[in-house]
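According to TrEMBL, the protein has these features:
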- 66-75: compositional bias 'Low complexity' (COMPBIAS)
- 76-95: compositional bias 'Basic residues' (COMPBIAS)
- 99-108: compositional bias 'Basic and acidic residues' (COMPBIAS)
- 4-62: domain 'Tudor' (DOMAIN)
- 53-108: region 'Disordered' (REGION)
- 210-228: transmembrane segment (TRANSMEM)
- 248-271: transmembrane segment (TRANSMEM)
- 292-311: transmembrane segment (TRANSMEM)
- 323-342: transmembrane segment (TRANSMEM)
- 453-473: transmembrane segment (TRANSMEM)
- 479-498: transmembrane segment (TRANSMEM)
- 519-540: transmembrane segment (TRANSMEM)
- 560-579: transmembrane segment (TRANSMEM)
Amino acid sequence: MPSRKFADGEVVMGRWPGSVLYYEVQVTSYDDVAHLYTVKYKDGTELALKESDIRSQSSFKHRKSQSSSSSPSRRSSSRSRSRSPGRPAKGRRRSASQSREHKDDKKKTIQETNLALLVLVLFKPSENNTKRYNGEPESTEKNATSCIILEQKLKPDLEIKRVLEQYSLRSRKDEKKKEEIYSEKKTFVAVKPVEKVPTKTKELEFGGRIGTFMLIFLLPATVFYLLLMCKQDDPSLLNLPPLPALESLWDGRVFGVCLLWFFLQAVFYLLPVGKVVEGLPLSSGRKLQYRINGFYAFILTAAAIGVLLYFQFELHYLYDHFMQFAVSAAVFSMALSIYLYVRSLKAPEEELAPGGNSGYFIYDFFTGHELNPRIGNFDLKYFCELRPGLMGWVVINLAMLLAEMKIHNLSVPSLSMILVNSFQLLYVVDALWNEEAVLTTMDITHDGFGFMLAFGDLVWVPFVYSLQAFYLVGHPTTITWPVAAAITVLNCIGYYIFRSANSQKNNFRRNPADPKLANLKFIPTATGKGLLVTGWWGFVRHPNYLGDIIMALAWSLPCGFNHILPYFYVIYFICLLVHREARDEHHCKQKYGLAWERYCQRVPYRIFPYIY
């Protein structure tokens, strides 16, 4: 095994991925397995580099010209001598051609230095470092128009060519070193940028091993408690429900229906309809492909439910066996989580999740050990994110609507039930219509697929998010049309904020140079990405969370104010998004360094303007 060349804490010169420029970095650690150095740039950015991309500072002494190495007085005398054709240089008479060559060399040297400085200003990744930071956000803001001009005028190949030819990072007397630089150029262009390979997770979230162990039991218990409370005539917090008999919680037929539903959605997912898109780059630089056909699957699901209703299938069977369906879904999610963890033990290092590779069984089992587990082209995490649980939520709501009509002998559903079904149906349809946007979320790009997401997607979403509809079946609430209109307006406001903010972010991430986004200002970062400081993202740091919370409140208001139980969703959702915002804050600070601090100064409020 080769020994390491650079020690921890040593200040060296590291090549920036995707470029031929070197910057001063500090070695923080070394991975003996991957043979990669973790280095830290001046702006706080941390990357993993190969040893071939790191050089000592002594090898980066710039070539000094004759004028730059002399004092002012010597420079003036030197210029005087060069203008005198009759004065020999160092005992030898210079010919006219030699004199012209000498002048041309000096001009070329000056041009090379000026252009090298220009390239460094334009392409230096740490534009938001402490030297540029002066407290004025506008000094580092850019807009999409500047990106278009930059892309048109300065192509990557031209940049590499000019820097290699005109910015001296080598001794020009050594021709072998010159050939090595040019060979490195050819090799580097052909290889994708090397980013940080996932290493052991050092910072544990969710309370670490003890916290995740407790959550494995607490989450199912919370779901069952909420469903039992909704069944009571008086669902107050102090009125604890009696525990049901264990044999009443399991029904093989119900479990079979759950399996049928899961595999039906899997068949819809595999249909060769819809476009295929690429996700964000992984740590290895590779991009996975995803088929976008969630909305088509929803239409097929709606057609299948319509056929069942046409043949008089009693959909309120879901309401009668709701607790058994929840238990069956929980058992299935646990079995799926065990399978995911076992298969992750054989996954390559680069396919492991950055936040689920701690080496602790319970923690990795909960958070997810493998980032994108796939069976062939079937992506398990992406499939579960939007398909079985989200569409199941809509089917459950419909079942509750039909159960309300049957139990209370109604010819039409109550206004409260119609509002809850309509609001949540809009939310699900929007998610499926904008399915591609989920590829940029933390669930897909950062979190592994373990118990947390498996249980959340297959149990928590369909059975907790439908709590308002389930509550209204046993506790009907009458609201007036003016109140219904006010709640509808509130939901529309939340939806507008949620959708416009997400669309703005996703479009900017996909193509920052889009002419439609030319009016957006952003703070450039060392990673090459920009932080929006105009539009919704200049109002608060997470405007999509704000819209989500407003909609959650609108979903609960039709249930009235007799009990707090139907407001569990909005309370939980605020806690969830505040916690997720804290996770985002931590990750973004590590990723963007001083650029994120500047963004926080420009946009001080996290979710709630003027409050938090």
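Numbers run from 1 along the shown chain.
Glycine is no exception: its Cβ is also placed from the backbone N, Cα and C atoms.
Here the listed stretches are 210-228, 248-271, 292-311, 479-498, and the one with the most C-beta pairs under 8 angstroms to the transmembrane segment (453-473) is 210-228.
Among the listed stretches 248-271, 292-311, 323-342, 519-540, the one sharing the most Cβ pairs under 8 Å with the transmembrane segment (210-228) is 323-342. Per-residue confidence over the domain 'Tudor' (4-62) averages 80 (mean pLDDT, predicted model). For the domain 'Tudor' (4-62), residue counts in helix, strand and coil come to 7 helix, 27 strand, 25 coil, using DSSP.
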